[in-house]
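The structure appears right after this line, and notes come after that.
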Ligand code: DOR
Ligand code: ZN
């Protein structure tokens, strides 16, 4: 196969940031993607419907002239989230989903949830109105090893929440483990999982062997090879519960290449070429469209995009090593292998 045509992809988990960073990042995602679920972990976070509407307008203003990219907004759940405000913002079409960050789990998550019982009324309202909950699935307990935090979260937090809130639609964001894959598969129509581009490529050796690679550090951190293989099998399976959420999370190089580097891989620019290479390596190019363009809209109850993108195989494609932004340079994810699929 040397040419593939896909319905235009969507990104079901994206960090666009704000200000000078947003100005540089909006065009990077709008180039190949039609829609994206926009993460609300700004400083301060996007907590109310009014804040989400204002952020949506700033994103629209940052798009290139004529772009039809649609930001699908999310609210950042806190223990003080007002269920009425959330339901109103959902009914008015301002927000698509809400994001649950355990407090302290990752970048700008300090206002997240410490006591999950405190958000029970919000979760019940979300189940009633059919509003999906996007979950950063890691426990933050100091005694839990960072490589076990996802598996422990599923048992201690996610499964109890789902049992206590029948009908709640949940997206397990950026799963990184075999346990995450297995749980997503077992959950029926109300459970989905996003998988990032970089977690299909990296295991923990890539971060640590031969020197520390700050641009491969993200959260949840990449795990052992057996987990990467489980993610590859899930993403390339075509199964409806698995869909692309890049978690493209730009930080300027100075913040990554530091004594305490920020978590996040920036993949928006070259994701489609990387995914085509990955699916080709696994003999699954015929299932790429399900992962990038069909399963996500089906879960969110939205139509798949009518527009198409064409990928062509040929000589290796080059992408910029970094994107210059008004806040500083941001390094583009290096998959470590040549990319033969060009997005036309
Ligand atoms: O690696 C990550 N970066 N994981 C997250 O959960 C947050 C993100 C960010 O905002 O930088
Ligand atoms: Zn994220």
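Just so it is clear, glycine is given a Cβ too, placed from its N, Cα and C backbone atoms.
In this model, the domain 'Amidohydrolase-related' (11-303) carries an average pLDDT of 97. For 11-303, the entry in TrEMBL reads domain 'Amidohydrolase-related'.
Its own atom aside, the Cβ of residue 99 (Zn(2+) 1 binding site) has 26 Cβ atoms within 10 angstroms in the protein chains shown. Under DSSP, residue 99 (Zn(2+) 1 binding site) is assigned to a strand (E or B) in the three-state scheme. Positions annotated as Zn(2+) 1 binding site by TrEMBL: 13, 15, 99, 247.
The feature substrate binding site is assigned by TrEMBL to 15, 16, 17, 41, 136, 219, 251, 263. Within 10 Å of the C-beta of residue 15 (Zn(2+) 1 binding site) we count 25 further C-beta atoms, all protein chains included.
In the three-state DSSP scheme, residue 174 (Zn(2+) 2 binding site) is classed as coil. Residues or ranges marked as Zn(2+) 2 binding site by TrEMBL: 99, 136, 174.
Here TrEMBL flags 99 as N6-carboxylysine.
Every protein chain shown contributes to the tally, and the Cβ of residue 247 (Zn(2+) 1 binding site) ends up with 29 other Cβ atoms within 10 Å. A coil conformation is recorded for residue 247 (Zn(2+) 1 binding site) in the three-state DSSP classification, outside any helix or strand. If you look up TrEMBL, you'll see 247 marked as active site.
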Q: Measuring C-alpha to C-alpha, could you say which of the binding-site residues 15, 99, 174 are within 10 Å of residue 219 (substrate binding site)?
A: 174
Q: Tell me, in order along the sequence, which binding-site residues from 17, 41, 136, 174 have their CA within 10 Å of residue 247 (Zn(2+) 1 binding site).
A: 174
Q: Work out how many Å separate residue 13 (Zn(2+) 1 binding site) and residue 251 (substrate binding site) at their Cα atoms, rounded off.
A: 16
Q.
For a Cβ distance below 6 Å to any atom of ligand 2, name the binding-site residues from 16, 17, 41, 247 that qualify, or say none.
A. 247
Q. Between residue 15 (Zn(2+) 1 binding site) and residue 263 (substrate binding site), what C-alpha distance do you get in Å?
A. 12
Q. Do you know which of the binding-site residues 13, 99, 263 end up with C-beta under 6 Å from ligand 1?
A. 263
